[in-house]
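Student: The ATP binding site annotation in Swiss-Prot covers His16, Asp177, Ala178, Lys179, Arg244, Phe245, Asp253, Arg259, Lys260, Ala276, Lys280 and is backed by sequence analysis. The annotation Mg(2+) binding site is assigned in Swiss-Prot to Asp18 on the grounds of sequence analysis. Among the features that Swiss-Prot reports, K(+) binding site is placed at Glu44, with the record citing sequence analysis. What Swiss-Prot records for Glu57, Gln100, Asp253, Lys284 is L-methionine binding site. For 100-110, the entry in Swiss-Prot reads region 'Flexible loop', with the evidence type sequence analysis.
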Amino acid sequence: MSEKHLFTSESVSEGHPDKVADQISDAILDAILAQDPHAHVACETVVYTGTVNVFGEISTSAYVDIAHVVRETIKKIGYTDSENGFDYKSVGVHVSLVEQSSDIAQGVNEAEEVRDKNGQLVDPLDLIGAGDQGMMFGFATNETAEYMPLAISLSHKLVKKLADLRKSGEISYLRPDAKSQVTVEYDNNGKAKRVDTVVISTQHAATATNEEIHDDVINKVIKAIIPAELLDDETKYFINPTGRFVIGGPQGDSGLTGRKIIVDTYGGYAPHGGGAFSGKDATKVDRSASYAARYVAKNIVAAGLADKAQIQLSYAIGVATPTSINVETFGTGKVSDDELLAAIRKVFDLRPAGIIQMLDLLRPIYGQTAAYGHFGRTDIELPWEQTDKVEELKAVLGK
């Protein structure tokens, strides 16, 4: 008997401690960008029982009441009761923010391409150098309507549904912290065939019984989100498998910005360069170039030029032009990868300033990305999720 071809991804809710930290960092970023679009921000957050620490490097003309932003973010997530060990009213907020290093700033504010010309700017998009070295990946597949791998897409939707049911009051015993995990079985041709296993752990009131949690999660969450044709009698369900999840959120575990980078991206289906997103402005290519790489990959697949596309970009700190661009279509390309790479160079400007201009990234749009994934979102409008380069790519390739 042959083994099944299985792939698993997970997601976490907005009340998960790491996601609380991400949302605080991005809320602070947005508050600063609303006043100063050209601010340089690298904001980290640690949350644990009764305490939030905010630290990092920021260069801005804006004034932001950091503690107020922190409390409002926690309130919006749903930590409003001191019985949970963490609530927006009583939490202690400690802020330690300093100015960005001048050594880094000189390379970001004036890229090597400008410095090599003794400050004489030829192309204004050469002005901004990458905020750091590193490699970033973008991915897209026609496996789902949102051009995302199925396992991570379903995982995000499950925890988002839990949050919606909690906030609407339909399931009154739900609390903010939750996790999901979905295992998808693929056929021998690499096509998603069925959902093999679903794991959901959700924080709950002490009065809730395991039976009602199990029934509600199966009927109001899983069956509401996962298409019936993907579920069968062999699908396995693990609902709160420890048997109890009353202590959760920052009371149960500490949380840190940037610790859910696989949840934020493709659920492990594609490589990750290692850099986190939240709390970083668009001069940080960890964030902006990852968004650009997704934008490129999604437009390639949406144009029908490949069934799957993976883009790798890399940068040197203080240099505008990428040090490398790589495209991989896993044998699904309708044109060669070399032809695609040439088309990418013509259609997309992948210098930091080019990305910022192309995707309009100086706006306070980041808080909405800090939970439920940065890619494949259908509930919010994100510039890197647009497929507005499809026709231009086709034209360049003569399609």
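Cβ atoms here come from the backbone N, Cα and C positions, even for glycine.
Tell me what's around each of these sites.
Tutor: When Cβ atoms from all protein chains are considered, those within 10 Å of Ala178 (ATP binding site) total 30, not counting its own.
Reduced to three states, the DSSP call for Asp18 (Mg(2+) binding site) is helix. Around the Cβ of Asp18 (Mg(2+) binding site), 22 further Cβ atoms fall within 10 Å across all displayed protein chains.
Annotation for Glu44 (K(+) binding site): same-chain Cβ neighbours under 8 Å, separated by at least 6 residues, are Ala21, Ser25, Val54, Phe55, Gly56, Leu256, Thr257, Gly258, Gly279.
In the three-state DSSP reading, Lys284 (L-methionine binding site) counts as coil. Within 10 Å of the C-beta atom of Lys284 (L-methionine binding site) sit 23 other C-beta atoms, taking all shown protein chains into account.
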Student: Do any of Asp18, Glu57, Lys284 (binding-site residues) have a CA within 10 A of Lys260 (ATP binding site), and if so which?
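Tutor: Of Asp18, Glu57, Lys284, within range: Asp18.
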Student: How far is it from Ala178 (ATP binding site) to Asp18 (Mg(2+) binding site), counting Cα to Cα, in Å?
Tutor: 11
Student: When neighbour density is defined as the number of other C-beta atoms within 10 angstroms of a residue's C-beta, which of the binding-site residues His16, Arg244, Lys260, Lys280 has the lowest density?
Tutor: Arg244
Student: For Asp253 (ATP binding site), which of the listed binding-site residues (Asp18, Glu57, Lys284) have their CA atom within 10 A of its CA?
Tutor: Asp18
